[in-house]
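As recorded in TrEMBL:
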type     : residues : note
DOMAIN   : 28-66    : domain 'Leucine-rich repeat-containing N-terminal plant-type'
DOMAIN   : 447-584  : domain 'Disease resistance R13L4/SHOC-2-like LRR'
REGION   : 762-790  : region 'Disordered'
SIGNAL   : 1-19     : signal peptide
TRANSMEM : 728-751  : transmembrane segment
Amino acid sequence: MPTATILLAMALCATLASTLTCAAVVSEILALLSFKQNLFDPRGAMDGWNASTPAAPCDWRGILCSAGRVSELHLPRLQLGGRLSEQLGDLRQLRTLSLHSNNLNGSIPQALSRCTLLRTVYLQPQPHLRRNPRRTPGTPPGARPLIQLILRENSGEFSATHQLQFINLSFNHLSGSIPATIGTLQQLEYLFLDDNELYGTIPSAISNCSSLIHVSAGDNMLSGVVPATMGSLKSLEVISLPRNQLSGVVSSSLFCKMTEQNATVRILDLSFNALTGIENHAGATCAGVLQVLNLDANRISGVFPDFVMNLSTLKVLDISGNLISGILPDRIGNLVALEEFRARNNSLSGGIPDNVTKCASLRVLDIGKNRFSGLIPEFIGEMKRLAMLYLGGNLFTGRIPESLGDLYLLELLDLSDNMLNGTVPLELMRLSNLSTLNLSNNRFSDEVLVNIGKFKGLEVLNMSGCGFSGAIPSSVGNLLRLKTLDLSRQNLSEELPVELFGLPSLQVVALQENSLSGNVPEGFSSLSNLQYLNLSSNAFSGQIPATYGFLRSLFVLSLSHNHISGSIPVELSNCSGLEGLELRENDLRGEIPAGFSHLSHLQRLDLGQNSLTGEIPESISNCSSLVVLLLDSNHISGHIPDALSKLPMLMELDVSSNNLTGAIPANLSLISTLQHLNLSANNLEGQVPEALASRFSDPSVYTMNKNLCGQPLKKNCPSEKRRKRKRLILYIVVAVAGSLLLLMCCCGYIYSLLRWRKRLTEGTSGEKKRSPSSSSQGGRGSGENGPPKLVMFNNKITYAETLEATRQFDEENVLSRGEVWAFI
């Protein structure tokens, strides 16, 4: 700290009453300046913190003083970043520390334990940094937060004042284990550690916190067993430890009265762990005040825990997602206060016991995805409070009982995935509160579909896989509140009724796997709230309406396996929220719209088995969320874009059976998320990049590219050096062969000339031997009588020889004449 700052701070102390007070103020100023120096302050909230101000630090922004000492520090929602200074511990009179909704990181300073008057600390991060924020059940209204928990990794220490009553460190990034010294907090009442990164076991010393009322540490990585001794705490009401890695057996002593002391636990939430059972002490009667028992998503096996049926105060019982088998006990009727019973996704069998009607307050009955069988009992209609009834995923047979029409409070009915038949009772159609009806995967008659318009209050209707045939009735237009319509996997035919396009709230339409026909309906363009449209595997024809580009809320459009022609409308790029576009197996032509680059949320693009041409747009790399890209079986040409390597989430790429050329981009191997690749049946060439071949070693990935070579193909690739050497040798061989051929031609030519000269010379010599001597006059007479000859003279010709040869330049020997010459 600069000396000038210290001197200024000391100068301010001149007006104070004592040296001790002066020293304390200086210490607080230095602590606050250290706090400022450690933080990133983009808004300049602490720019005015200067020791030279008249009443420093009490006139600084965010500081409140009491008797000249800092008592409160308030700097929330200012985007402050960085770590908290250890010197905050020098603010000995601090009572409130409020720094919530900032970007702070690191550990909570252990030095804060010296602030013995501290009562309130708010260090919650910004809301967008929280992971799955939830309101923790049982939080008392108006509770005084007293936060002072130091969980320094590897320290194993817990630093806090013994007067702490409320600790809330939820939604931070605290790591390490819960220290055993937490047991020293005798006054602690509320402990919230949700949504952190804590690991290790829950220390049994927590049972020493004799005042503890509420403990919550969900969404961590805590392991081991839940200490059974926690059940001995006289004031404990809530134990909330969901979404951890807890294992072993849960002791009933946590919530059952085992001694003279009354059980106090009202809420026990151990869902989403790895617990294997619930243990009850032999001969003990389970009695208590437990209202909520949540054991959802564990590994509890065996028969239904019968002793739980003694908990007459139980309001919520959730044993879903376990391995519980056997029948549902008749004694479930003892739970007279039960409001919610959930046992979904187990192996329960048999029938529904009639004693369940004694649970007169039951609002939710969820026994879906078990092995219950027989008829749906009529007595369910006696449970007048039922609002949600889940019986789907069982082995129920027969008809829907008419008595269900007496459940006038019923809001949701799920009878899916059974073996029900017949019709839907008209009484059920009159339930004005019924908003969700799921009858999928049964075998109802077509009469059910005809009466579909009578469920006027429905918001969700799922009748998929029921074997309905014929046309969708126009009465569907009566369902004005409808948000979800699923009539997929039927034998429906003909065109869609225009009344369907007049349902203003419609968000989900699933009509896939039918025989619906006609042009692709443009009427869906008027449904501004439409989010999901699946018309795949039908017989629709015509073109994709460009007006679908007005569906700004659309996130899935599936038109695959139809007879659609034309081009892909570029207007679809206006559906900015689109996550899935499936147009496979149609007769689409033209190019892939470059405007798809604007679809930054697109995760799945399937354009396979069409007649698309052109190149793969480089701009497709702007679809940064793309996970699946299928362009197989088209007529796409050009190169595979290098830019595909910029798709950081791509898991599946199929460009097989096209006309792609060029080399395989080596940087495809840089897509670390890529799991499935198909480049077969193209005109690719060159060597398969080694890094790519090491990841995708199946030859079928690259087959039917005749100019591709290298591993994993059987066709070897010569190295570049060998190719260059072969080329050089070829050049040398050609040059040598050409030189030899030229030399041979020259030699032959010379040899021919020599032989010709020899013959001429021999002929001249013989002629001279037959002629008389040059001095004899008779020689000329002899020459005159012979025929004319062409004689080659290889030596110098003398003048005398010239006269003799021309017969003294006789005119008879002149063959041609010019003005100054004669050719003899």
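Glycine is treated like the rest: Cβ placed from N, Cα and C.
Note that TrEMBL annotation is computational and uncurated.
Residues of the same chain that lie 6 or more positions beyond the ends of the transmembrane segment (728-751) place no CB under 8 Å from a CB of it. Mean per-residue pLDDT, taken over the domain 'Disease resistance R13L4/SHOC-2-like LRR' (447-584), amounts to 96. Mapped onto DSSP classes, the domain 'Disease resistance R13L4/SHOC-2-like LRR' (447-584) shows 32 helix, 38 strand, 68 coil. With helix defined as DSSP H, G or I and strand as E or B, the domain 'Leucine-rich repeat-containing N-terminal plant-type' (28-66) counts 10 helix, 6 strand, 23 coil.
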